[in-house]
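Colleague: Copied straight from Swiss-Prot:
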type     : residues                       : note
ACT_SITE : Ser102                         : active site, phosphoserine intermediate
BINDING  : Ser102, Asp241, Asp243, Asp245 : Mg(2+) binding site
MOD_RES  : Ser102                         : phosphoserine
Amino acid sequence: MSNRKYFGTDGIRGKVGDTPITPDFVLKLGWAAGKVLARHGSRKIIIGKDTRISGYMLESALEAGLAAAGLSASFTGPMPTPAVAYLTRTFRAEAGIVISASHNPYYDNGIKFFSIDGTKLPDDVEEAIEAEMEKPLTCVESSELGKASRIVDAAGRYIEFCKGTFPGELSLNGLKIVVDCANGATYHIAPSVLRELGAKVIAIGCEPDGMNINEECGATDVRQLQARVLAEKADVGLAFDGDGDRLIMVDHLGNKVDGDQILYIIAREGLRQGQLRGGAVGTLMSNMGLEVALKQLGIPFARAKVGDRYVLEMMQTKGWRIGAENSGHVILLDKTTTGDGVIAGLQVLTAIVKNHMSLHDLCSGMKLFPQILVNVRFTGENDPLEDKSVQQITQDVEKELAGRGRVLLRKSGTEPLIRVMVEGEHEETVIAQANRIADAVKAVS
């Protein structure tokens, strides 16, 4: 992979007010992106955002930079990331830009791009944008400046698109669903989709104030959702992250259902319906239980690097149509071009309705192995993963697992973290082993 200065695995991200998430940087980024994208002919860009208070500031900066490069911006307002990908395709825009830091706290924000076909920008285009950033900013002639406009009923367009992925002969009548929108971009989308399909919806995490996005709610913290599902005696709960590209579910007993289990349900249903093409793609973090369960069904399984862009790349290479991360990014290429929490949820609900089974029962064919993830923050210049003591302890743990588990150490693509994952048959042992490795990483971080 190339050494890009600003772009990580999911665009550009950081703390608001610190480089690169500053108004001047984002203005320059908009200009540089405009210069690169204008070479392809179209001069229209779609811009969406989540509900962070900083979105207004960054949206204005992006628009100014694009206009200076001669490109026009069409705004969606607060909108899920996958909605921007969809609108980019339907409006035949040269690119879509999302202002979001996904599951991060409100004081972070980020910028990510979609190409004209609704997929993430290729590495070479991101590299070209970074190269343009090194040049002095110049403004086009006044007659060539870009304009700004707002897309009429962007939410309604996307709601109808989502509903179109649910079988027309079915409805959600009789289902009680709790939905947690993380005070994020799905707050005005997901409840409407589910209600219009017939469900009784209890909505939480749907009162964004600019600073409560992902705060003890949504896909990264389902405790509120679990409690509400039990209190309401609901059939199922759906939790999205701040920008709506992740889905975590909760069954009627209050059990969390993660991206691995969601992928299993969708793959199994695709096989049952005779619609599964090839196999399923997970990641290095996918639970061994998923691999075992799919193998029992005769469904091929492959692991990509962590990051939804790498899941998508492997899906495209293999010609497979479904893939997911255990964090809840679920990509269904027969339905859309990127991870989409609402659409993934609708496919699981389809399986519930068609099979007359609860979410709990749909998960019963897959047994999760205990998996412990410890995040260790590092600030030093030395790479903890290259340290010999860390490597030795990791090797010792791998020997102890003796092929009945896995160890994975990796750097986060979006934060200064080392992620330590240990997976095995016995939870107490796995916890102790993960902490041993994490302590070794901390000692050299």
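Glycine is no exception: its Cβ is also placed from the backbone N, Cα and C atoms.
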Colleague: Given Asp241 (Mg(2+) binding site) and Ser102 (active site, phosphoserine intermediate), what distance in Å do their CA atoms have, once rounded to a whole number?
Modeller: 7
Colleague: Given a separation of at least six residues and a C-beta threshold under 8 Å, show me what packs close to Asp243 (Mg(2+) binding site) in the same chain.
Modeller: Asp50, Pro80, Thr81, Val98, Ser100, Ser102, His103, Gly184, Ala185
Colleague: Would you mind listing, in sequence order, the residues at least six apart from Asp245 (Mg(2+) binding site) in the same chain with a Cβ closer than 8 Å to its Cβ?
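Modeller: Listed in sequence order, they are Pro80, Thr81, Pro82, Ser102, Asp308, His329, Thr338, Gly339, Asp340, Gly341.
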Colleague: Judged by the number of other CB atoms within 10 angstroms, which among Ser102, Asp241 is the least packed of the recorded positions?
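Modeller: Candidates: the recorded positions Ser102, Asp241. Fewest Cβ atoms within 10 Å: Ser102.
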Colleague: Applying the rule Cβ within 8 Å of the centroid of the Cβ atoms of Ser102, Asp241, Asp243, Asp245, what extra residues of the same chain belong around the Mg(2+) site?
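Modeller: Filtered neighbour residues, in order: Asp50, Pro80, Thr81, Ser100, His103, Gly184, Ala185, Ala219, Phe240, Gly242, Gly244, Arg246, Gly341.
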Colleague: Taking DSSP three-state, what's Ser102 (active site, phosphoserine intermediate) in: helix, strand or coil?
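Modeller: Once the DSSP labels are grouped into three classes, Ser102 (active site, phosphoserine intermediate) ends up as coil.
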